[in-house]
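Right, one structure below, let's go through it.
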Amino acid sequence: VHLSDGEKNAISTAWGKVHAAEVGAEALGRLLVVYPWTQRFFDSFGDLSSASAVMGNAKVKAHGKKVIDSFSNGLKHLDNLKGTFASLSELHCDKLHVDPENFKLLGNMIVIVMAHHLGKDFTPEAQAAFQKVVAGVANALAHKYH
């Protein structure tokens, strides 16, 4: 992902203000509620029968933290997203058979949740930069697909 110095600064500033585990849990939870067909990958997570069940589910929260920790690591390697996410791409492609379109949906959920959490601190410039990043991460995660 090619980012200007201003975009990198906007990302660093915004990311420094969020509680990553909360963003990850809420973003994954929202993905499962808004796009219920994505729940099929999480059969072992227990009750996902309603929005409140999903958003309160401890396994959703824990996996959301794993997801956002990987995303956060990607923010440290913006010049090599494909390399950074290569093993996760392979896992999601070869073993889990996740539709790569879901990565784009989750990226958008991350941006939405960040906007919700940061309010006015999530400037249009920060949003534009994060949209580039989540698109780059989705592309990197889809890289191993044939």
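Positions of Cβ are set from backbone N, Cα and C atoms, glycine also.
Quick look at what Swiss-Prot lists:
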BINDING   His63, His92  heme b binding site
DOMAIN    2-146  domain 'Globin'
MOD_RES   Val1  N-acetylvaline
MOD_RES   Ser44  phosphoserine
MOD_RES   Lys59  N6-acetyllysine
MOD_RES   Lys82  N6-acetyllysine
MOD_RES   Cys93  S-nitrosocysteine
MOD_RES   Lys144  N6-acetyllysine
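A 10 Å radius around the C-alpha of Lys59 (N6-acetyllysine) takes in these modified residues out of Ser44, Lys82, Cys93, in sequence order: Ser44. Cβ-based neighbour count (10 Å, all protein chains) for Ser44 (phosphoserine) stands at 6.
Non-local contacts of the residue listed as 'N-acetylvaline' by the CB criterion (under 8 A, 6+ apart in sequence, same chain) comprise Leu78, Asp79, Leu81, Lys132, Val133, Ala135, Gly136. Under DSSP, Lys82 (N6-acetyllysine) is assigned to a helix (H, G or I) in the three-state scheme. For the pair Cys93 (S-nitrosocysteine) and Lys82 (N6-acetyllysine), the C-alpha distance works out to 14 angstrom. Just so you know, of the recorded positions Lys59, His63, Lys82, the Cβ with the fewest other Cβ atoms around it within 10 Å is the one at Lys59. In this structure, the CA atom of His63 (heme b binding site) is 12 Å away from the CA atom of Ser44 (phosphoserine). Using DSSP to sort the residues of the domain 'Globin' (2-146) gives these counts of helix, strand and coil: 116 helix, 0 strand, 29 coil.
According to DSSP, Val1 (N-acetylvaline) sits in a coil region rather than a helix or strand. Between the alpha carbons (Cα) of the residue listed as 'phosphoserine' and Lys82 (N6-acetyllysine) lies a span of roughly 29 Å.
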